[in-house]
Amino acid sequence: MPLPSYALGVMEASVYAPEVLARGLPSALPPAQPSEGRAEPTGLAAQAAPLLSLQGIGLSFGGVVALADIDLSVHPGEIRAIIGPNGAGKSSLINVISGVYRPDRGHVLLDGVGYAQVPTQRLAHLGVARTFQNLALFKGLSVLDNVASGLAYKVRSNFAGQVLGIGRSRGEQRDTLSRADQILQFLDLSPVRDRLVGTLPYGLQKRVELARALVAQPRLLLLDEPMAGMTASEKGEMAGFVRAARDRFATTVVLIEHDVGVVMGLSDRIAVLDYGRKIADATPDEVRNDQRVIDAYLGVASDNEDGAGI
Amino acid sequence: MTAISGHFSSAPVLPKWIAPVLLIAFAYGVVPLIGSSYLFEAILLPFLALSLAGVGLNILTGYAGQVSLGSAAFMAAGAFAAYNFNLRVEGLPLIGSIVLAGFVAAAIGIVFGLPSLRLKGFYLAVSTLAAQFFVQWALTKFSWFSNDSASGVIDAPRLSIAGFALDGAVGRYLFALTIVAIVTFLAYRLVSSQTGRNFIAIRDNETAARIIGIPVLKTKLLAFAISSFIIGVAGVIWAFAYLRTVEPDGFDLDRSFQILFIIIIGGLASIRGAFFGAALIVVFPLALSRLGGLLLGDVFDSGVLDMSQRIVLGALIILFLILEPDGLVALWDRIRRRLLFAWQST
Ligand SMILES: Nc1ncnc2c1ncn2[C@@H]1O[C@H](COP(=O)(O)OP(=O)(O)OP(=O)(O)O)[C@@H](O)[C@H]1O
Ligand SMILES: [Mg+2]
């Protein structure tokens, strides 16, 4: 696919293809289709254009090479896992995709539009949401308000309208809260709706962060170790939520996870990183039998199972 | 924090607006009848002005997380701007002058808030000192601001709201009360709006806030503008209703710190906290001087009072920071909950 030249080398918010912005808005999403099983989307995806692709991404910090010449394509509706030992560059990759880091080399293409650095401030408008490896919730807000803040990018009323309760602010507020409530229900968080988020147990906080990302109904959801530090049953629950989110909102998911069992069951394809290089990119079964992966990662997984890379 | 006021599912839950409405009714209906002029002049007027300044600073520092040491400068800007609008614009009602003064303070707030786009915490606090020194310097240096009076002193005009003249201590009290009540109500609405949530989001995790699409730069400057507006109006009350004659020196760094202490002691990110903190800051020196005079007699002169005031206040602040970082409000809520609980279990 040819790159629109104006979109290359964009650093700050300047020129973005307007039609992409329009498509990026969740309100412009086609009605979510329930997906037909796990194998299907992969088959379909092979023909469809990738939603996300990375081309020759390189990133280093001083002497440390975090990412080296990474190519990656993720197709619509796919759940794509990224695995690799600690320090392999997984979080760096997500930070590049979400514009937190600017790669030294290469481009990120979202829906065919290339960026030298993804504009973080426009990320939500582009239909991309993410969670963080370490919780990044707003401690001083309730669960509901945390989730509602995931819709802040759509707010068009100004503070004066909100204070006086006039103009479009009332409708917006009602709409925001009802959408937040729906997501809370979807993720089984309604019972803790009004709790201060910092008072919740860790596992629930992770789920609130997923809710905050999901409430915008993103087309691309980036999850950095959403199950880290959870018990086996919590992990299973979380995996169920991720799959349900994909099925219900037709969201494409990029997921970092250390627990190989969870990853194998959940993902359509798995990319394996080691020392900043991509050493495999295949289906779970192929990855399971890949000798380089076994050497690099699975070999150490047995004594690294719990709490790895938290 | 507002959200902390936890619910007791089984407690008799009164609507949240009952307490403030009763308080306002009492402040309008009862206090003017029973209050002495000492109560108004020495306690209630400074309390109202400082509470409002605390509300303003709390929006910036408590909610949006941007530390400022320039509060007194915005008070001064408000006071001198209102004085000049009132003096120089023919036929402008006093309320008009006050609103315009708020806008002047807000504009200055935006200018001195620009460093917040790059600086955080301690460095930002130091850069807001620039506002403190610049405004005080400008007001002293250019006598135009004080209509060429000696040493920059300005005298307050006669107070009125919507044509009603408000003279005497009670009148000035009602003037201050009305403005403080209205602005506080709007501030309360603000902090529970989407904009208020954005403030807290930026305070708690700026990166996450940016990622989910909150316009971080715009929101920070908005916090500076709104906060400075409110502090500017508080400055007008301070100058026009409380002191009646002020000079730029009255709005020095000490005053900025005083307002910062008010929100630390009262409770960060709480509208009520500003009132709790201001009450303590106003009443405490008076109580101390009474007590000192009673216990020590003549030895307890103004020098000793001043010193002991500073020592006790300093100790209080340290205690609060360590033991009750959420301030008097949290303390109050806990006591109230205990009482409620005790009352229920009987
Ligand atoms: N902001 C940064 N500054 C300096 N070095 C960094 C930074 N971010 C990442 N690195 C380095 O880049 C390398 C890759 O880090 P990254 O966090 O991407 O690994 P990871 O695969 O997510 O590891 P983990 O499983 O422990 O989370 C590491 O050597 C790390 O120290
Ligand atoms: Mg990581």
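Each residue, glycine too, has its Cβ placed from N, Cα and C.
According to TrEMBL, the transmembrane segment annotation covers B:17-36 (among others).
Feature annotation from TrEMBL assigns transmembrane segment to B:42-60 (among others).
If you look at the transmembrane segment (B:67-85), the same-chain residues 6 or more away from its ends with a CB under 8 A from one of its CBs are 53, 56-57, 60-61, 92, 96-98, 100-102, 104-105, 108-109, 112, 121-122, 124-126, 128-132, 134-136, 139, 145-147, 154, 156-157, 227-228, 231-236, 238-240, 246, 248, 250-257, 259-260. The annotation transmembrane segment is assigned in TrEMBL to B:67-85 (among others).
TrEMBL lists B:91-114 (among others) with the feature transmembrane segment.
Annotation source TrEMBL lists transmembrane segment at B:121-139 (among others).
Under the heading transmembrane segment, TrEMBL lists B:173-191 (among others).
Counting same-chain residues at least six beyond the ends of the transmembrane segment (B:221-243), those with a Cβ under 8 angstroms from any Cβ of the stretch are 45-46, 48-50, 52-53, 55-57, 59-60, 63-64, 66, 68, 71, 74-79, 81-83, 98, 101-110, 112-114, 116-117, 154, 156-157, 159, 172-173, 175-176, 179-180, 183, 187, 190, 195, 199, 250-251, 259. Annotation comment: TrEMBL describes B:221-243 (among others) as transmembrane segment.
As annotated by TrEMBL, transmembrane segment applies to B:255-271 (among others). Panel annotation: around the transmembrane segment (B:255-271), residues 1-2, 50-51, 53-55, 57-58, 61-63, 68-73, 75, 132, 184, 187-188, 191, 200, 203, 231, 277-278, 280-281, 313, 316-317, 320-321, 325-330 of the same chain, lying at least six beyond its termini, place a Cβ under 8 Å from a Cβ of the stretch.
Under the heading transmembrane segment, TrEMBL lists B:278-299 (among others).
Non-local neighbours of the transmembrane segment (B:311-332) in the same chain are 1, 4, 261, 263-268, 270, 272-273, 276-277, 280-281, 284, 288; each lies 6+ residues outside the stretch with a CB under 8 Å from one of its CB atoms. As annotated by TrEMBL, transmembrane segment applies to B:311-332 (among others).
Residues 31, 35, 66, 68, 71, 74-75, 169, 172-173, 176-177, 179-180, 183-184, 187, 190-191, 199, 223-224, 226-235, 237-238, 241-242, 258-260, 262-263, 266, 268-271, 273-275, 277-279, 281-283, 286 of the same chain, all 6+ positions outside the transmembrane segment (B:42-60), place their C-beta atoms under 8 angstroms from a C-beta of that stretch. Beyond its flanks by at least six residues, the transmembrane segment (B:17-36) meets 44, 170, 173-174, 177, 181 of its own chain at Cβ-Cβ distances under 8 Å. Residues 2, 24, 27-28, 31-32, 35, 40, 44-45, 48-49, 51-52, 55-56, 59, 63, 98, 159, 161, 166, 199, 226, 230, 233, 237, 240-242, 269, 271 of the same chain, all 6+ positions outside the transmembrane segment (B:173-191), place their C-beta atoms under 8 angstroms from a C-beta of that stretch.
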